[in-house]
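Structure, as structure tokens:
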Amino acid sequence: MASPSLERREKGAGKSEFRNQKPKPENQDESELLTVPDGWKEPAFSKEDNPRGLLEESSFATLFPKYREAYLKECWPLVQKALNEHHVNATLDLIEGSMTVCTTKKTFDPYIIIRARDLIKLLARSVSFEQAVRILQDDVACDIIKIGSLVRNKERFVKRRQRLIGPKGSTLKVRKVVLDTMKNIHPIYNIKSLMIKRELAKDSELRSQSWERFLPQFKHKNVNKRKEPKKKTVKKEYTPFPPPQPESQIDKELASGEYFLKANQKKRQKMEAIKAKQAEAISKKQEERNKAFIPPKEKPIVKPKEASTETKIDVASIKEKVKKAKNKKLGALTAEEIALKMEADEKKKKKKK
């Protein structure tokens with residue numbers, strides 16, 4: 001927390017600003033005071049605003065996880081350089097795993113220590129130095145939202161957190177969108193209303209009016225179905241009579257006759273039962289061991305069948321056919337075809353005569 005001296009300085013700075021304010025003219029319209037002119041920026045806080053500096057030293061410290069140690073070692077000279085411009089000292093303790101920032105005698109801005117605190121918090125939460133150093137600017141602010149305790153179910157938490165992560169690991173930067181997402185309201189609805197608000201803000205006539213009629217109204221629909229249990233318990237039929245009382249050990253001994261036996265006889269029976277169980281266990285183990293020595297069943301050898309005389313190939317006839325095919329010219333007729341052709345020609349001649 002900030003020291004009480006810092007609070008006093010902030011109050012003192014507020015008083016000095018109040019003294020320097022100009023009196024409001026009587027004829028000025030109040031609606032003009034509510035609107036900020038386009039392109040206006042608040043002047044930067046300089047040494048002339050607080051020439052005497054701060055009365056006491058203020059400091060903040062924060063811890064960082066072990067996996068951030070290597071990155072912080074590399075970028076720490078850049079962190080010190082950025083803070084030295086505002087006359088703020090920064091120390092990195094690798095033994096305790098902490099970062100500390102504190103003001104000096106030359107520090108003139110009372111709020112810069114708060115921005116330096118936010119800088120080391122962002123660095124401890126895996127934000128890169130290039131993005132975290134922007135918090136030192138007057139028109140930049142940060143908000144750390146703890147969403148770990150908002151959803152109890154781990155699976156739902158992971159799904160809803162995934163909706164917040166944008167392209168290249170960038171996250172949504174509006175607190176209401178983040179909190180509504182963890183309440184199972186999709187961020188697209190809030191983003192759509194933000195886009196409408198941005199367009200309405202450009203219109204000078206609508207700036208002072210209510211925007212509710214332009215914003216979309218989304219109804220929340222609970223579509224989650226109740227998960228059915230894996231083991232369904234079947235309810236028994238109702239009976240006015242109570243369930244029968246279970247038998248006690250004495251009742252069981254009376255029914256079996258063990259109750260009337262002597263102590264020696266009972267011990268003998270117990271020993272016999274134990275020995276019988278041991279014998280069964282030994283026999284089972286022996287059977288399992290003997291399975292490794294039992295040879296597997298061999299497959300019967302199938303003898304190749306002798307080729308029958310009917311299916312034998314006549315090699316000599318095949319050779320003769322091949323020879324005839326070689327001797328025959330391409331497109332030449334066989335002897336049978338030539339004889340049939342000659343007979344057909346003779347018949348034609350006879351008909352002509």
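For all residues, glycine too, the Cβ spot is worked out from N, Cα and C.
Some features that TrEMBL has for this protein:
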- 1-51: region 'Disordered' (REGION)
- 1-27: compositional bias 'Basic and acidic residues' (COMPBIAS)
- 39-51: compositional bias 'Basic and acidic residues' (COMPBIAS)
- 58-138: domain 'KRR1 small subunit processome component first KH' (DOMAIN)
- 140-173: domain 'KRR1 small subunit processome component second KH' (DOMAIN)
- 222-250: region 'Disordered' (REGION)
- 222-234: compositional bias 'Basic residues' (COMPBIAS)
- 281-310: region 'Disordered' (REGION)
Counting only residues 6 or more past its boundaries, what in the same chain has a CB within less than 8 Å of a CB in the region 'Disordered' (222-250)? 259
Using DSSP, break the region 'Disordered' (281-310) down into helix, strand and coil residues and give each count. 11 helix, 0 strand, 19 coil
Stretch-averaged pLDDT - the domain 'KRR1 small subunit processome component first KH' (58-138): 93
List the helix, strand and coil residue totals of the region 'Disordered' (222-250) as derived from DSSP. 2 helix, 0 strand, 27 coil
